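K.L.:
Starting off with a structure, shown below.
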Amino acid sequence: MLLILKAIILAIVEGLTEFVPVSSTGHLILVSDVINFKGDYANLFNVVIQLGAILAVVVVYWDKLLNSVKDIFAPDRRGLRFWINIVVACIPAVIFGFSLDDYIDKYLFNPITVAIGLVIGGILMIIVENKYRRRSKTKNIYDMKLRQSIFVGMFQCLALWPGMSRSASTIMGGWIAGLSPVVAAEFSFFLAIPVMVGASGLKLVKSGFYMTNIEFIALIVGFVGAFLVSLVVIEKFIKFLQKKPMRIFAIYRIFIGAILLILAIFKIVTI
């Protein structure tokens, strides 16, 4: 039952943090360290709950995704442009992700690097939002230009550092490229589908598939939990972006990251 409890905790953490700019991977690393959830099974579990979160994107945006497929052959080819933008934006992360995956897993998946990523990412969010949020020109995702998707894709590579946040990186890239807050967030959500499915597939292959019955049950609990929490968070986050700045997330990141670094520097705790 302890494993099930850990699964529920981590599923909630994943669902709450995957699509907001605070780094779900960073939070999973920190919480896993606190509840002593480590090893090969833990790595597999984290992959599976991320897939649950991705399924939530598909469900929330099912109509828009379906219409974008139908619109591939529309006279204005807007559906085709949409999918070309998604594919192009994925390329940088695919290249760097596959090339650096082992290095990242070995050297960057620890609380200290997460804390550094949280602080740096938070500072960047404040700077970028203050300068670029109100300069947006593209207010419809179908109007995105190829250069904008390339720029967002390059920024997504920042998220290879745990703690930086894929959501924060892509939204910041979108703002600088001229996307409105909502378009930047939605493009970030859509971009998460192929990128995270690919990354999760790679880790699944490396992890293997053997597990006990209770471990399998915990996987199901985690998957469903992350899916349900993500459903709520996605819709709430879009409504939040329409009215309020993301500064609160940046402040939260800087606060948590700074506390962790102070604790480590003064050796109050070992992280």
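Cβ atoms are placed via backbone N, Cα and C, with glycine included.
Keep in mind the model is a prediction, meaning the values are calculated, not measured.
Below, the features straight out of Swiss-Prot:
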TRANSMEM  2-22  transmembrane segment
TRANSMEM  42-62  transmembrane segment
TRANSMEM  80-100  transmembrane segment
TRANSMEM  108-128  transmembrane segment
TRANSMEM  149-168  transmembrane segment
TRANSMEM  175-195  transmembrane segment
TRANSMEM  214-234  transmembrane segment
TRANSMEM  248-268  transmembrane segment
K.L.:
When you check the transmembrane segment (108-128) against the transmembrane segment (42-62), do you get at least 3 Cβ pairs under 8 Å, counting only pairs 6 or more apart in sequence?
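P.N.:
No, the transmembrane segment (108-128) and the transmembrane segment (42-62) are not in contact.
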K.L.:
Can at least 3 Cβ pairs under 8 A be found between the transmembrane segment (149-168) and the transmembrane segment (214-234), with each pair 6 or more apart in sequence?
P.N.:
no
K.L.:
At a C-beta cut-off of under 8 Å, are there same-chain residues at least 6 beyond the transmembrane segment (214-234) that contact it? List them, or none.
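P.N.:
The answer is 3-4, 6-8, 10-12, 14-16, 18-20, 41, 44-45, 48-53, 55-57, 59-60, 189.
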K.L.:
Based on Cβ pairs under 8 Å, which of the stretches 80-100, 175-195, 248-268 lies most in contact with the transmembrane segment (2-22)?
P.N.:
248-268
